[in-house]
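Taking it in order: structure first as structure tokens, then the write-up.
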Amino acid sequence: MNIENTFAEIRARIAQAKSITVLTGAGISADSGVPTFRGAEGLWKNFRPEELASPEAFERDPMLVWQWYNWRRELLATKSPNPGHHALAELEQRAKNFWLITQNVDGLHAAAGIQKLSEIHGNIWKVRCTSCRIVTDNHDVPIEILPYCPSCQGLLRPHIVWFGESLNPEDLRNSYDALQSCEILIIIGTSGAVYPAASFGSVAKDHGAYVIELNLDPTPNSDLVDVAIQGRAKDLVPRLLS
Ligand code: BV8
Ligand code: ZN
């Protein structure tokens with residue numbers, strides 16, 4: 001594959017596409033210094049997700065879970081969007097119709113200016129009361145452990161979708177609308193290990209979309225997509241723009 005010719009073809013398709021959907025994972029934030037989950041330096045290397053990112057874990061030991069999320073918040077507080085995030089914000093400005101679905105909870109797409117966004121696994125800078133269920137922004141670094149609801153004194157939890165928890169129905173509706181109506185789906189920086197996001201490539205493909213994967217390593221999606229390019233998102237994503 002001649003990478004330059006491939007990118008030239010992709011840019012031509014993007015320039016005349018009526019609607020573009022993007023799906024991102026931890027790989028797009030890796031170049032901002034945010035650890036991924038399953039890579040060699042991934043978060044899951046030291047922690048088992050079931051032990052931390054599940055309602056059972058929070059039930060069993062809310063202190064441990066909050067210590068883990070506080071550690072990630074403290075790390076994220078020092079990170080900012082990279083050229084990959086900024087290129088997607090530029091793409092949103094140029095495209096006729098655009099939607100970004102992210103599995104990331106780091107808030108970096110919004111920080112780069114993305115408007116049309118579904119954070120399908122939640123957002124680490126939001127907390128939800130386990131009693132009155134109110135969702136609020138919380139940027140305290142460090143966060144008080146354990147944090148309690150200012151209005152009802154209920155225990156607060158991260159507003160994040162844990163394993164075994166259903167995704168927000170509005171996020172799912174917006175995501176499937178975007179996947180079923182797009183002419184082009186661009187999948188960036190996800191290992192394709194977690195459902196339902198792992199199936200989004202085939203949802204778009206089944207509706208005749210042209211699917212592009214930009215990722216450091218091959219993934220289960222790589223055989224399904226129309227073009228898979230290996231590399232770092234900060235280098236590849238800006239090349240989507242003419
Ligand atoms: C649900 C929040 C309905 C925590 C996360 C069996 C079959 C099918 C499904 C299931 C099953 N068993 C269980 C399920 C359901 C389960 C699931 O999919 N499990 C998997 C493990 C099999 N899913 C769920 O539970 C979901 N809910 O399905 O509801 C339901 C209800 C009840 C019972 C059943 C079903 C909820 C899923 C949400 C889980 N929450 N995170 C937190 O973040 O603190 S998932 C976690 O993984 C993160 O959110 C992350 O976003 C997500 C996906 O990871 P990636 O983003 O892909 O990151 P990863 O590190 O894996 O990969 C990074 C990639 O980037 C790599 O490929 C690497 O090569 C690349 N890369 C690295 N550097 C760069 C790069 N690329 C480019 N540039 C670079 N520089
Ligand atoms: Zn409350």
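Backbone N, Cα and C define each Cβ position, glycine as well.
Taken from TrEMBL as is:
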- 1-242: domain 'Deacetylase sirtuin-type' (DOMAIN)
- 25-44, 103-106, 189-191, 215-217, A233: NAD(+) binding site (BINDING)
- Y69, R72: substrate binding site (BINDING)
- H121: active site, proton acceptor (ACT_SITE)
- C129, C132, C149, C152: Zn(2+) binding site (BINDING)
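This view paints the features noted in TrEMBL onto the structure.
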residue : record                 : Cβ contacts under 8 Å, 6 or more apart
S29     : NAD(+) binding site    : T36, K79, N82, H85, N104, D106, L108, G189
G33     : NAD(+) binding site    : T78, K79
R72     : substrate binding site : L43, I124
Q103    : NAD(+) binding site    : L23, T24, G25, A26, I120, H121, T190, V194, A197
C129    : Zn(2+) binding site    : V135, C149, S151, C152, G154, L155, L156
C132    : Zn(2+) binding site    : C149, S151, C152, G154
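Counting only same-chain residues six or more apart in sequence, the Cβ atoms lying under 8 angstroms from the Cβ of Y69 (substrate binding site) belong to I124, I143, P158, I160. Counting every protein chain shown, 21 other Cβ atoms lie within 10 Å of the Cβ of H121 (active site, proton acceptor). Under 6 Å, Cβ to nearest atom of ligand 2: this is the test, and of the binding-site residues G33, C129, C149, C152 it is passed by C129, C149, C152. Checking the binding-site residues S29, Y69, C152 against ligand 1 with a 6 Å cutoff on the Cβ atom leaves no residue at all. Sitting within 8 Å of the Cβ centre of C129, C132, C149, C152, and not among those site residues for Zn(2+), are the Cβ atoms of T130, S131, R133, I134, P150, S151, Q153, G154, L156. Mapped onto three states, the DSSP output places C129 (Zn(2+) binding site) in strand. A sphere of 10 angstroms centred on the C-beta of C152 (Zn(2+) binding site) encloses 12 other C-beta atoms. Neighbours of L216 (NAD(+) binding site), defined as other CB atoms within 10 A of its CB across all chains, total 17. Cβ-based neighbour count (10 Å, all protein chains) for F37 (NAD(+) binding site) stands at 19.
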